[in-house]
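Below are the features I grabbed from TrEMBL:
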ACT_SITE  D200  active site, proton acceptor
ACT_SITE  K222  active site, proton donor
DOMAIN    170-381  domain 'Tetrapyrrole methylase'
Amino acid sequence: MAEHPAYPVGLRLTGRRVVVIGGGQVAQRRLPALIAAGASITLVSPSATPSVEAMADAGELTWERRRYTEGDLAEAWYVLIATGDPEANARASAEAERHRIWCVRSDNAEEATAWTPATGHSEGVTVAVLTARAEGRDPRHTAAIRDAVVEGLRDGTLVAPHHRTRTPGVALVGGGPGDPDLITVRGRRLLAEADVVIADRLGPRDLLAELPPHVEVIDAAKIPYGRFMAQEAINNALIEHAKQGKSVVRLKGGDPYVFGRGMEELQALAEAGIPCTVVPGISSSISVPSAAGIPVTHRGVAHEFTVVSGHVAPDDERSLVDWPALARLTGTLVILMGVDKIGRIAEALVANGKSPDTPVALIQEGTTAAQRRVDATLATVAETVRTREVKPPTVIVIGEVVKVGPEANA
Ligand SMILES: C[S@@+](CC[C@H](N)C(=O)[O-])C[C@H]1O[C@@H](n2cnc3c(N)ncnc32)[C@H](O)[C@@H]1O
């Protein structure tokens with residue numbers, strides 16, 4: 001008789017008894033999804049892996065430390081058999097069959113009455129891939145299909161627009177430091193669904209080239225501002241496009257709320273009654289040092305890091321930064337927008353007690369193909385910036401962490 005294909009279904013297991021027999025690697029892989037589904041799980045097994053044991057300790061399942069015996073499946077809705085003992089597996093499987101309980105068997109797909117699909121999740125949807133028939137079953141192939149679908153949805157190469165929950169209004173998306181791989185999954189998806197993208201110079205500009213032709217891409221720096229301030233003109237552009245019913249992404253470098261004026265944009269949109277969602281991004285303040293081999297903290301070296309804007313000099317009356325206090329800190333200082341004023345910043349730090357020998361690293365265009373790192377000290381940094389022609393965008397790291405990685409002085 002020809003084998004019919006398996007019938008796919010989603011089991012709603014919340015509060016329902018599920019019995020898992022065997023506490024090894026298979027159970028370890030399958031249990032998190034059963035726990036996430038809210039199943040009331042009983043594990044029957046004389047031993048368990050440390051991870052499975054931790055799930056029992058956390059109260060996520062009830063562990064009966066013994067071998068399977070007839071009757072263990074009473075009242076169960078679903079059973080997973082995964083012991084290393086084929087004879088026990090066969091007995092448990094026969095009990096499940098007698099009681100009409102759907103049963104997955106790790107050792108014998110032919111004998112099982114249910115199969116576990118390769119699953120992945122993307123924005124509230126579960127993607128589940130099943131081989132149709134036992135014959136020619138190829139779990140790696142199903143897993144590869146699952147990966148391709150989930151990855152495609154996450155990175156926007158597979159576009160499945162939302163119809164009911166499409167994000168209206170504006171999304172302020174933190175694009176990360178520049179490498180297109182360093183945007184969040186959510187940011188990438190919203191970008192793939194946008195009608196209009198208003199982008200900064202910093203951030204993952206390579207992603208803009210991948211957008212479909214109907215998407216209008218606007219360079220924020222080129223919005224004419226006439227009688228407005230540049231920021232006001234950007235706010236107005238966001239509002240105008242959103243009012244036309246378009247899905248607008250404001251793509252920003254790093255994180256929208258780290259020297260990114262994200263809150264100003266959100267406030268302007270709120271005043272105009274436009275819904276706005278904010279997607280955090282990987283800030284250059286941490287990721288750019290990391291890309292250059294510098295940890296902003298390191299055990300025994302720095303127990304704190306402070307991120308400071310260097311766009312106004314320490315003696316400028318507009319400065320809100322307490323530079324004498326920063327000079328007393330023993331941890332790491334990370335300065336953004338500080339290339340122009342680094343000479344005066346270094347002077348202020350030394351004048352307030354920091355050693356002139358304190359190591360400094362300047363990382364220009366971090367995480368991009370043009371990344372470069374230049375090392376100096378507080379005493380030499382102003383001169384180094386001039387002679388080595390360090391330009392924005394650059395993250396400046398001051399402190400002993402600069403010396404800990406193998407790339408120091410490279
Ligand atoms: C206006 S701030 C925006 C910071 C951004 N919101 C963040 O969280 O990374 C711009 C400054 O961030 C730093 N920056 C951003 N991206 C960078 C990169 N890829 N390489 C070096 N510095 C970067 C530079 O100091 C630049 O002057």
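Backbone N, Cα and C define each Cβ position, glycine as well.
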Based on DSSP, name the secondary structure state of the residue listed as 'active site, proton acceptor': helix, strand or coil.
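SS state of the residue listed as 'active site, proton acceptor' = coil.
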D200 (active site, proton acceptor) to K222 (active site, proton donor): how many Å between their Cα atoms?
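For D200 (active site, proton acceptor) versus K222 (active site, proton donor), the Cα atoms are 10 Å apart.
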Take the domain 'Tetrapyrrole methylase' (170-381) and average the pLDDT across it for me.
94
Which of D200, K222 has the fewest nearby Cβ atoms, counting only those within 10 Å, among these active-site residues?
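Counting other Cβ atoms within 10 Å of each of the active-site residues D200, K222, the minimum falls on K222.
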When DSSP is mapped onto helix/strand/coil, what comes out for K222 (active site, proton donor)?
helix
